[in-house]
Amino acid sequence: MRLETETPQQHAPRSGLILLQALVLGLFCLFTLRLWYLQVHKGGTFADMARDNQLRQVLIGSARGRILDKNGTPLAVSEPSFALGLVREDCEDIDGTLAKVSEWTGVDKHVLSETVKRGKKRVKPFEPLILITDLPYEALARIEANAMLYPGLEIVVRQKRYYPTGALLSHVLGYVAEANEDELEKNPQLSLGDSVGKQGLELTHEDELRGSKGRKQVEVDAFGRQHNEFILEPPRAGADLKLSIDIGLQKECSRLLEGQAGALLVMEPDTGKILAMVSQPSFDNNMFVLGVPADKWRELRDNPRHPIQNRVTQGVYPPGSVFKLLMAAAGLAEGFVRPGDVVACPGVYKVGNRDFHDWKKGGHGSLDLRGALVHSCDIYFYKLGDRLGIDRLHDYAVASGFGTRTGIDLPHEKAGLIPSKEWKKKRFGAAWSKGETVIASIGQGYVLTSPLQIGRYLSALVNGGRLMKPELVETDAPQVDAMLPLKDGDRQVILDAMVSTVENGTAKSLLRSDAVMAGKTGTAQVVKLINADIRRKTNEMPYEQRDHAWLASWGRKDGKTYVVVCLVEHGGHGGEVSGPLVRKVYEYLFGPAPGKPARAANPAPAAHGEPAVDPNDVGD
Amino acid sequence: MPFDRRFILSVNWSLVALTAMLFGVGVLNLYSASGFRMGDELTMQPFYNRQLIWGLAGLSCLLAMVVFDYKYLAVIAWPLVISTSVLLVLVLVMGKTVGGAKRWLPLGGFAFQPSEVAKIALLLLAAKLLSKRSERLGWLDLAGILAVSMPVALLIIVEPDLGTGLNVLLLVAGLILYRGLAGPVFKTLAIACPILVPCGWFFLKPYQKGRILTLFDPQRDPLGAGYHIIQSQIAIGSGQMWGKGFLEGTQSQLRYLPEKHTDFAVAVFAEEWGFIGGIVLLALFCLFLLQFYVTAKNAKDRFGSYLAAGVFFYFFWQILINMGMVLGIMPVVGIPLPFISYGGSATIVNFTLVGIVVNVSMRRYLFKKG
């Protein structure tokens, strides 16, 4: 077919046609350059970024080891807990979602918004930001039912530490809580939201309990969904920790001290193992696991009875007359006194121009060493201390484990204090005065010891002079730190005196016919009394001025020996308050005492009836 | 009206072929962009087959556009503009709100976007008005054409559909430049525009400002507005020279790339086919655009020439803005890439406009009777 045509009637605008061509050319050049820049010039960089997008190394959590008592009763376990996470990238309306979450769980929306704000920088893109750490089951069900309508919400299963014994053992176990920035920085294995030991054995045995995380490589999509995974390193579960604590005994001791502020320690002298370690008042360590609410924390911190403090290791008190055991040992070991030497006690001892009184008006008459211990004569030890001098006393006490930490596996142990001339110079810039030596000789003044130090010293006296490291872990081998600088014969003299103290001294309440019982009481003054004559009855004094009541004891039955140390803060008189309490501990250990206990075991309290002697003068 | 068989031979077959190729590439790419990996499985969303159906619908529109003489398009230009304007007002009053914007008019169980028709109507009207005379535009002519097109564009912008509104305005501006501005007008505007454009900043909504700021610094908001830009550049860049291969794009299969079957579809293509594939696609687009240039040059009358030029600008701006956005040199504006992005209305409009230009091309000769 032949076309017959005419030329177009129009001439398209020349400049317009040039414009069209120029635009096409410009378009081609612009995008070619840009494609070259992105794909060829920087292609390698972007390829790496795509790979980073796609492959992630993810840590696999390891189960934290349990803590068990010596019979295998679980004391700390890990339970699954359900947390609510928010993947911000998937969430279309963060504000609306938070409002819903607040409605479901009752958590204030401002708190949730704060959490999101805080997590903004620390949580990686596409990782769930934990909004609520532990969802109660009702809330969990409500969220599961509705979560599909709110993309971005995710239930995260995590492990939560649970302490079935709660307040019973919180000072020993401590607790775990969310790792803070410092801890996260120190340990690259930790990720945000992980729990770490913060106190107690959970802290000191953190590495064994935690085990180690595994690593896996996962291919994830933009929604964080995992597609393929490949384990690079399997996780290693944390080891279980078996304690020497007997939870039954712990419970009994805790019950005995209930309502008081004080410490109770039961040890096995041969091994240094601790069977019970009670500090009252206590707190529920479960409360810390999910973060203590600010008001609860303030309440704990500001409580005048300091429930958080572990009084066994962190409470340091003047030991009072319990210190006379060490004084006697120092006198014997340094050759300043022999067991048979008789010393007169006129009831007052003059140093310089100052009078130091005995607790007993008129004095004890003449006493040998055993008598001085049994009746807790102050004058005898004033004289002994005066002759020893503070520096010799200091060196001997330190060699016997005072004034230094025992090295127990618990954090923040206090060393206590044994003063010396040098110490006073450094601390106060003043010279030592002889009167201070006299005061220190009966465990007052600057002298401070923890119940644990007393228990350890007593154990060493009983076990043949071995100063052991106090152990809480059953599987740790007993460790002898040092030998007491004391001859076996001299040691026996002190042990015998302690037995006599139970038989006819200040610790009669411990007496039982089926066991060898021994003890030493102490009544430590809290307020400096200028004049011993104005001692008042305990129940007439304000609580915080009352004396601390000590009882350091050991008992042996059927070849089993235990050391029990009891301190009741502001309890008043040592033998009177601590005695019946410690007696009950032995009843748990040895079984009920046969027959009626000796009358003296239960002296009537001062308020009821008139005892033969003023109870405040029963002596320590 | 008799249909002369000689028309068939005059058809711009290159344009038809290039349209078919671009549409084919688009469907193939959508097949890949429809895939989501779940574990080892590739789950397909039905975008590619739906696009095919839209393409068939578009083809029938294309055919419908060639059976009559395009001079009738000038006749219906005014009625079409007026009726679509009414519809645009209706949309504002009673339209269906989808994703925060009122763009849809429910039409008996079938949603309809009047703004799509408005684009065509305005193109026809602008071509009709501008082709009346041939001398360069003076102030009065300019004011007249703007007075007609601005209200329609504004109606689209307030829906709010900034992308389409902008597209329409740029199209009209392109046609004005195609005809040319009179010396004084051109000089005045050349000075005024660089001053006035920054003032437009104050009329933008905060999210729109954010998008522009994000362009210069994607890290400013890496999980918000910047996320699109960053992930899109990672997808394209990681394709490198030869691409990752069909269906192998990790950025798209693992859903890092947002809007991957619509506005960012070309990023999927560049990821899987690399620089080489990107250049080929770009060349296809440029050849496609040149067909409008050829048709505009050879059209038998001014109206036909302006129609072809208008369609040129319609596609040109979309390609420039969409690819510019995906390649990270223009702000994120919701404008699809012709034939590559998924979209029913857009596909039908694209085919219709190509049909109009085919019509112009096949009637470029005046045949002698007998």
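If you go along the chain as it appears here, the first residue is 1 and each next one adds 1.
Placed from the backbone N, Cα and C atoms, the Cβ positions cover glycine too.
Caution: TrEMBL annotation is automatic and unverified by curators.
Model, not experiment: these values are computed from the prediction.
Database features, via TrEMBL:
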type     : residues  : note
TRANSMEM : B:7-31    : transmembrane segment
TRANSMEM : B:51-68   : transmembrane segment
TRANSMEM : B:75-95   : transmembrane segment
TRANSMEM : B:107-127 : transmembrane segment
TRANSMEM : B:139-158 : transmembrane segment
TRANSMEM : B:164-181 : transmembrane segment
TRANSMEM : B:188-204 : transmembrane segment
TRANSMEM : B:273-294 : transmembrane segment
TRANSMEM : B:306-333 : transmembrane segment
TRANSMEM : B:339-360 : transmembrane segment
Next on the checklist: Contact between the transmembrane segment (B:7-31) and the transmembrane segment (B:339-360) is defined here as three or more C-beta pairs under 8 Å separated by at least 6 residues; is that satisfied?
Outcome noted: yes
Checklist outcome for this item: Contact set of the transmembrane segment (B:273-294) with the rest of its chain, CB cutoff 8 A exclusive, min separation 6+ beyond the ends, reads 12, 14-15, 18-19, 21-22, 25, 236, 239-244, 246, 266, 308-309, 311-312, 315-316, 319, 323, 340, 357, 361
Checklist outcome for this item: Of the listed stretches B:7-31, B:51-68, B:75-95, B:306-333, the one with the highest count of C-beta pairs below 8 angstroms to the transmembrane segment (B:164-181) is B:306-333
Checklist outcome for this item: If one takes Cβ-Cβ under 8 Å and requires six or more residues beyond its ends, the residues near the transmembrane segment (B:306-333) are 70, 73, 119, 123-124, 126-128, 130-131, 162-163, 166-167, 170-171, 174-175, 178-179, 208, 211-212, 214-215, 218, 225, 228-229, 232-233, 236, 263-264, 266-267, 270, 282, 285, 288-289, 292-293, 295-296, 299, 341, 350, 353-354, 356-357, 360-361
